[in-house]
Amino acid sequence: MGNQQSSGIEGSKPISAFYYNNISTVISRDGFYFFNNQSQRFESSKRPITFVIYDEEGNQFITGEDDFFIRLYNEDGTYIKQLPNLQSNITTDVIAISHQDFIRVLFPIRNIDFHQINSNSNNSNTMLLSGGMDGTIRLWQVETGSLLAVYNQDISKVTMNGIIDTTSAGITALTFDPTNLLVISGTSDGIVRKHSLRERVIMGTFIGHSRGAILNLLLTKHGHLLSSSMDRTIRLWDIDSGKQITGCKYFSQTMVYDHHRDIVFAASDTGTIAVIQIVKDLNNSWSLKKIKVLDLKKPAILHLHYNTYVDQLTVTSIETNIASVQNATGIPFESVENDYKKQVNLVQGLWETTNNRLTITPSQSNNSLAKSQSINNQLNQSTTSTINQQQQQQQQQQQQQQQQQQQQQQYEDEFEDEYIDNQIKEKQQQLLQQQQQQQQQQQNEEEPIEDYIFSNEISSELTEEFIQLSIEELKNIKLTNMIENTLNSDQMILIDRLKQLEFLGNELFEHQSSQEEKEYNEARKLKYVNGLTQFQDSIEEMSEDYVSCMRMLIKTNDADIVLDTDNCKDIKIRSLEQKRMEILERHRLELEQFQGEVDRELSVFSDQQLPLITKKVANECFENKKRLLNSQESIEKSIQTYLSNTFPAVNQRYHLGPLISENSTTVFRAFDCKSLIPVAVKVLPPVALNIPVHENLTKVYQVCQTPQSIYVIMEPSTTSLKPLVESMDQHQLPISMVISIMKQLLQCLLFLHSSSLVYRDLNPSRVLLTTTTTTANDDVDCELQQQQQQQVKVKLTHFGIMRSLQGNVDSEPAEDGMIYGSPEIFGRVINTESDIWSLGVIFIYLLQTKQERTKPLFHGHNNKSVIESIVKIVGRPFQKDIDRMIANGNMTSDAIQLLQYAASLPVPFEDSIDNLRSHCSLASDSALDLLTQMLQFVPHKRISIEQALSHPFILNLPKQQQQQQQQKQQQQQQQQQQQEIIPKDDSLTDISSNKQETVVYDANIQINQEDLISKIKENEIQKEIDFKENQINEEIKEDVKEEIEEDIKEEIKEEIKEESKEVQEEAKEEIKEEIQIETQEVKEEIKEEVQVEIKEEKIKEEIKEEIKEETQEEIKEENKDEIQETIKEEVQVEIKEEIKEETQEEIKEILNEVQVKEEVKEEIQEEVSQETLSEIQEEVKEEIQEDIKEEVKEEIQNEIREEIQNEIREEIKEEIKKVSEEIQNEIQEEVKEEIQNEIQEEQQDTIKEEIQEIKQEIISERDTNQEGEISDTIVSDSKEADSIIEGPVTLERDNKNASDHDDEQQFVEEEIEVEEEIEVEEEIEVEEEIEVEEEIEVEEEIEVEEEIQVEDDTDKSNDF
């Protein structure tokens, strides 16, 4: 890796660094820093630098700066000129000539005929290509500073000078092909294009890189194009055809190519530099071989500069450190100068030693040198195409020396020629063999270049849980190949947010009211949209980077090992085994070396290596996600900053636009950047707010308070009353809509008043509306069908005016709206009745026609004139009412005088209803009635909110009901008035106190008195009428109620019957299914038990047969044992009889159980027919499940089995003991008898034959009987009984063996007696067998009858 040195600079971070002539130059945003061994110097730039290159041939720096201009500086940092070279006054032509965005790449061109490009150019031989993020490539003439051409894929727009200037994807990489005169560019959309230098058109594209910006473009000395991209690949292209030759996977953020050594230095974002060689094999195929990787232990690398003469790399990292890597390749420049040495190096490899290289001394002749050079050219055709001036001078000097020595050494030359020819031929063969061996080793042994560079350290934040989640996620990605689905959901949310922000921002720009600033607003709008587009591009690039990283991570060997360990291991083992066989076939001696390789390669699957690799892969997944989240956070902050710079922000969330309407002064349009919805912002001075929540109040999202003001964030409105009225035909609202609006307003005011709040400034501009349209029905007339009925949703706003009933009115802001204010407002008194007055004025506004609205209802130039207009329309108040108003409110002296003035005004000639009808001619009687009750001068005489909601007009009742409702309300009001007006003495004293007034005033008072008296009488009469009407209505209601109740009861009964039928049917079906299932289960259980018992009986029979066979064999062997066999058979017969009796008892018990079950079923069926269906569903299920399954199956069976088994065991044991004793005694007696009765042997033979015949008959009869018994009866388990039976068998065998040793004399004496007993027993057995058969037949008949009954019962239950 060489010696690595690091240094740093103060101030801004560096952009790039260069090393030449023993001077290190570091370029930052501010300028140039020059370092050597003794001093340090700084030269500032004209503007902040965004990109810089060093032109070695021109010894100058070329920069792209923040003002989109290109500037040239000398190698010492002194300023030269700028491109374009224009005067200080900036015009629109400057914008057309210069770049429109930041310059990202610069590339100088020399030794090109400018007349091939532009006929107007001079004879200068220096040009410059520049590419910017505006998507254009511009060709400059350096000496004059003029623009020659612009290259772009879009030719739809042309400037006045014929220069193409449009925007597209940003240019991120540039290079120039001098042979074909092609400008090759890479853009941010991942496409590489080649442009004709002369025609300025696109000649083709290089397709292969996936989506992502092209980072680097280089031209090799072999005429190929080398590119790197954000897709983490490096590719080699054929420029003519545009096809990809080869490539490797490595992320190269910046890249440098050395023509002399044919080596590429690729620096990544992880602080590593890959040294890659471009190699051509014998088959003329090209490949990129990674020689080594230099790990600088630094962060991301921004820039590389390679000095080919000293073999030194200057590295600029993202931090302020500048690293210097000496002996980067280990190949000195002197070896590169010499062609012969260079060829040997290329053959043997850059990493091999140079001890065996051939060298030619200066004394060798010119001919030998020519021959050696020709042979070397045959070995490798790729020679250097350019040689600097120093190399040419050295060659000329060598040629002169060789010519001088040529004459002196002709003889030596001939000898040396032959020697050199032979030596070179041998060396040629050796080199060819070495190349072939190296190729084979590289194909078999060389590891592939990893396309993914893993991190050097494992993150401490990596947990076991995240490791498992990461591996599972990578497995899903590998299986589905859908890496895009793994992106964070916030990614798509960001893109959707940008789209919505664009829409909301454009909407704000469109609502700008000033026409003079349209051009300025359009420019702001364009800049706003372009900024959001750049954010979207950044998000796409970020997601593509993440996708490419994850894809490359999945394709790595380590990921394959972790994700598919078994399969990968199997593949690896198979490949290794295949190599093993090949190596064995080639050479047996290589087996040991290969075994070591096998162990090494399989070690990655060991318990030690596999967890480390797993952590490494999971760590990369974790780091990728972490980078993604950090990028998202940074973009989110940038978006927030961008929005704040574009629109004023409240609480860094709500961005303000223009005023929401022309009449509004403190309400602005805005949008919420978090929830992405439009909002309205109300600006208020710092006052206390009490914001209630109701469906008819504008929804408040948030209240933001500052020391200077309060910002109320609320939902925006669509329209108000005035635009709604103007949108109607003839500016007239339908009555249904008026009722809907009034009802909603009353409900909203009722809520506010119940919360001790008064709206205070209710007027049409405060009533916001949202409308929805519904088409009329087909049954309506044709004219009405064409109209649309609008449904209105009312929203009250303006919370700054709303105040608490306990608040101080002077502390709150006052606004215009006195036309809609009540009379007490002039006295600065606020109560709930004030809102009723304002709502009445709005009610008139809704009912008026277009002409009537031109004249305001209450008008005047001052407070007195307004009071006069109020008195003219609603009537003059009484003095006592004024006194009451003054006493109830804390009024100023001016307000008191104003109210006294209202009481002193003359009484209007016309009635208030007539006055109101003149201002709203289309109002109905019920509407006018509601208006008169709302527009009462005295607050406590106005109608309440509850009464207004129950008014006939609001309820939209028919006329008769309206009249009745009006009469009731009038009675209630008259009762209240009587309590206030009577006693008459008070009114008379009030009248007498004013005798000094004019005659007209006294007459008015007398008229008012007469009116009051007449009204009182009318009220009394009306009360009686209403009382009678109420009685009649109550009687009618009672009758109607009774009829309705009867009808409802009948309907309910019918519905209940129908429902009960349905429930019954469902219950029946369920019961049937359950009974069928249970019967099937019982049958299956019985069958299983029968099968088990049959098997057990078969086993018993087999045991019996075995016993018989054993006894027969013993009889054949010894005649003495014949009598014993008969005795054993008798014992067995007795045991069988006992077993039969027990089994019969068991059968009877089981039959009784079955009968019990059937009885239970019958009882259940009877109960089903009697009980209700709802109880049947529960009881039947419980009884069937508990009684049948648990009690019958478990308890009965278990008890019976245990009792039978215990009884059998005890009885068999006792009988076996008795039998064994008897047998022993009998055997002794028989032996004695045998001795005595030897003479009777002939008789015994005959007896034996008869016994055998009888045995066979008995056995045959038993077999037949047992088969019938097994098929028709149910017996208990006999597994334990079998084990018990084995006991007496063993005892009998023991007894038999003991009896063999007894005397044979007893056997003879008792033989006759035994024969007699056998005959008697046989007769008894025959009789018993007959009885058993008869009993079995009877039981079979009973079972058949019972089965028939069960089937009949099931059929009946199914029918039920």
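Using N, Cα and C of the backbone, Cβ positions are placed for all residues, glycine too.
The following features are taken from Swiss-Prot:
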type     : residues  : note
COMPBIAS : 959-979   : compositional bias 'Low complexity'
COMPBIAS : 1301-1311 : compositional bias 'Acidic residues'
COMPBIAS : 1331-1354 : compositional bias 'Acidic residues'
DOMAIN   : 636-954   : domain 'Protein kinase'
REGION   : 959-989   : region 'Disordered'
REGION   : 1258-1311 : region 'Disordered'
REGION   : 1331-1360 : region 'Disordered'
REPEAT   : 44-83     : repeat 'WD 1'
REPEAT   : 109-152   : repeat 'WD 2'
REPEAT   : 166-205   : repeat 'WD 3'
REPEAT   : 208-247   : repeat 'WD 4'
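For the repeat 'WD 4' (208-247), the DSSP-based tally of helix, strand and coil residues reads 0 helix, 21 strand, 19 coil.
If one looks beyond the repeat 'WD 3' (166-205) by at least 6 residues along the same chain, the residues whose Cβ comes under 8 Å of a Cβ in the stretch are 100-101, 104-107, 109, 111-112, 116-117, 129-137, 139, 149-157, 211-219, 223, 225, 227, 229-231, 237, 239-240, 242, 537, 541.
Panel annotation: around the repeat 'WD 4' (208-247), residues 170, 172-177, 179-180, 182, 184-192, 194, 253-255, 257, 259, 262, 264, 266, 276, 278, 280, 285-288, 382, 384-386, 451-452, 540-541, 544-545, 548-549, 552 of the same chain, lying at least six beyond its termini, place a Cβ under 8 Å from a Cβ of the stretch.
Each residue of the repeat 'WD 3' (166-205) gets a DSSP state, and the totals for helix, strand and coil are 0 helix, 22 strand, 18 coil.
With DSSP classes pooled into helix, strand and coil, the tally for the repeat 'WD 1' (44-83) is 0 helix, 24 strand, 16 coil. Mean model confidence of the repeat 'WD 2' (109-152) amounts to 77 (pLDDT, 0 to 100 scale).
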